[in-house]
Amino acid sequence: MKKWTFDEAKEIFSFSFMELVYQAQTIHRANFDPNKIQISSLLSIKTGSCPENCKFCPQSSHYKTYVKKEPLMQIEDVITAAKRAKAAGSTRFCMGAAWRGPRDEDLKLVCEMIKEVKKLGLETCVTLGLLKEHQAVTLKEAGLDFYNHNIDTSEEFYNKIITTRTFQDRLDTLRYVRASGMKVCCGGILGMGETNDDRINMILTLANLEEPAESVTINKLIKIPGTPLENVQDIDPFDFVRVIALARIMIPKSYIRLSAGREQMSDELQALCIMAGVYSIFYGEKILTSANPMPERDNDLFQKLGIIH
């Protein structure tokens, strides 16, 4: 597996926009059907009161936001949501809990949720925070397909965004997930005040993992009132597309997922993202606690682009 250098990554990022998107689309076509997209759904199964201080997150207990604390959902309610997602066209169902990391007793309930969702024929992913090694094994034994744990940004910019857990903590969790035999879902957030070099370094970290993540989530910051990043300057849309193209070129076989922030994107920007290598979006009225494009808008966009899902 090729190990990329920063200079190599920066050279690619600095291509003319047309050349960069052309190369990304060429690699995308070699590995994926350019006229298809995977539909995923993401449900918050435990909301709010998270002890971490991630400056972007409305669920952090450190900030006063619109999010209300809600306990871990009942299994029956999760299954109802999963059935609804499948009926709407999702083939992948993700569950997220606002924890620093799960307690073993809570993990048992999550494992039951995973088993029931799997019975519906859906691919499963959960994001529960930091894991211990034995917890990763437990999730694998429950049949979990993917575990999501984002690095969020570059190692150099990380401490400007989060101080309650380290960048290495995140890498350790990814290592436990990989060792258990599960697939890794990992990405980050763009538009938190980081530089293009930080964005390049984030993709470089993902590309140079011992085994690259099978799933790479790219989020655009949703500026939430009450969080420290509510007034940060927006990322330039062309730089956003450049990061996606860079990820496609450096991590050619991974599913690149356009995640949070689509509600604030134009159809034209989303189309450019798909052209640059996105193969999956999160579908439904909400992504965790934040608004997502209505399904009708997504279906209209897919029809305009001739995309099958």
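Note that the numbers count up from 1, one per residue, in the order the chain is shown.
Just so you know, glycine gets a Cβ as well, placed from its N, Cα and C.
As annotated by Swiss-Prot, domain 'Radical SAM core' applies to 35-259, with the evidence given as sequence analysis.
DSSP gives Cys54 ([4Fe-4S] cluster binding site) a coil state; it is part of no helix or strand. Within the same chain, residues at least six positions away from Cys54 ([4Fe-4S] cluster binding site) with a Cβ under 8 Å of its Cβ are Ser60, Asp152, Ile161, Ile162, Thr164. As annotated by Swiss-Prot, [4Fe-4S] cluster binding site applies to Cys50, Cys54, Cys57, with the evidence given as sequence analysis.
Residues annotated as [2Fe-2S] cluster binding site in Swiss-Prot: Cys94, Cys125, Cys185, Arg257. Of all Cβ atoms in the protein chains displayed, 29 besides its own lie within 10 Å of the Cβ of Cys94 ([2Fe-2S] cluster binding site).
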Inset, instruction - Could you please provide the mean pLDDT value for the domain 'Radical SAM core' (35-259)? - result: 93
Legend entry - Check: same-chain CB within 8 A of [4Fe-4S] cluster site center, minus Cys50, Cys54, Cys57: Glu52, Asn53, Phe56, Pro58, Gln59, Ser60, His62, Ala98
Inset, instruction - With H, G and I counted as helix, E and B as strand and the rest as coil, say where DSSP puts Arg257 ([2Fe-2S] cluster binding site). - result: strand
Legend entry - Chain-internal residues, separated by at least six, CB under 8 A from Cys125 ([2Fe-2S] cluster binding site): Ser40, Arg92, Phe93, Cys94, Met95, Leu144, Asp145, Phe146, Tyr147, Asn148, Cys185, Ser215
Legend entry - In the chain carrying Cys50 ([4Fe-4S] cluster binding site), residues 6 or more apart in sequence that have Cβ under 8 angstroms from it: Cys57, Gln59, Ser60, Ser61, Ala98, Trp99, Arg100, Gly129
